[in-house]
Amino acid sequence: MPTATPTTQQAATTEFDDILYDVEKTFAVITINRPEAFNSFRSQTVDELIEAFTLAWGDNRVRSIILTGSGQKSFCAGGDVKQKAQTGDYGPSRYGMFRISELHKVIRSVPKPVISAVNGVAIGGGNVLTTLCDITIAASHARFGQAGPKVGSFDAGYGSAFLARVIGEKRAREMWYFCELIDAQKAESWGLANEVVDAEELMPRAKERARALGLKAPTALRFLKQSFNADSEMQTGFTNLAMSALDLYAHSPESHEGATAFAEKRDPDFSQFDGAY
């Protein structure tokens with residue numbers, strides 16, 4: 001994580017391939033820009049997201065960060081399951097590894113509030129991202145949910161334990177076990193979204209809230225975020241363990257069946273697998 005003195009010398013716009021990064025006066029906007037893949041993330045996407053959050057961390061112009069997706073259909077569809085079905089992983093990374101756990105940690109650790117502007121479906125790893133953000137504003141057509149057991153995956157770290165902290169354990173179990181999406185209005189009633197607005201008002205409202213944060217005392221906001229995080233910081237260790245388990249599981253025949261079925265647009269057949277061991 002950054003430890004150097006913040007700087008004002010960074011460009012207002014930085015070029016990436018899978019994301020967009022812009023600074024508008026007192027806030028940064030990070031946009032997952034893979035609409036052709038429903039803004040799902042591959043290894044390169046995750047690398048770029050980490051870099052963008054790190055840039056925002058070290059820029060003392062930036063008092064808050066907005067995370068959103070490109071287009072109107074999808075905020076983020078999680079990991080690129082088609083990529084995984086084709087190659088067995090999420091594609092090449094400049095670091096030689098899939099750093100999704102590091103992305104989760106930087107969203108929590110960046111000492112500035114992160115607002116997720118959910119512009120469509122937030123499913124799987126995308127739902128985890130919005131859950132980790134400090135504030136969530138959803139378009140009225142947005143949908144939220146998990147898909148892990150349907151596609152041969154899971155998240156036993158922040159994606160389950162912290163989700164339960166946010167919406168309650170019974171609801172978190174329901175979301176994970178049945179892989180059913182909930183609408184924006186239910187997400188708001190469950191506490192997964194702070195507010196719901198019409199689609200055309202989503203980014204204006206997110207930017208309005210970001211500008212409001214820009215007027216607040218930045219050190220106070222930093223200490224408040226760290227204080228809120230301290231209550232669930234023990235989950236970091238579980239997340240490390242969970243991601244190690246997920247890496248092993250991802251190479252199993254069961255996980256391969258889920259990813260392959262998704263890529264082939266058919267129902268998976270998990271009848272041959274015994275989950276009792």
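Every residue, even glycine, has its Cβ placed from backbone N, Cα and C.
Feature annotation from TrEMBL assigns substrate binding site to TYR90, VAL121, ALA122, ILE123, GLY124, GLY125, SER153, LYS265. Sequence-distant neighbours of TYR90 (substrate binding site) (same chain, 6+ apart, CB under 8 A from its CB) are PHE41, ARG42, SER43, VAL46, GLY79, ASP80, GLN83, LYS84, PHE98.
Among the features that TrEMBL reports, site 'Important for catalysis' is placed at TYR90.
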*Measure from the Cβ of ILE123 (substrate binding site) and count the other Cβ atoms within 10 Å, all protein chains considered.*
24
*Select one residue from VAL121, ALA122: among these binding-site residues, choose the one with the most other Cβ atoms within 10 Å of its Cβ.*
ALA122
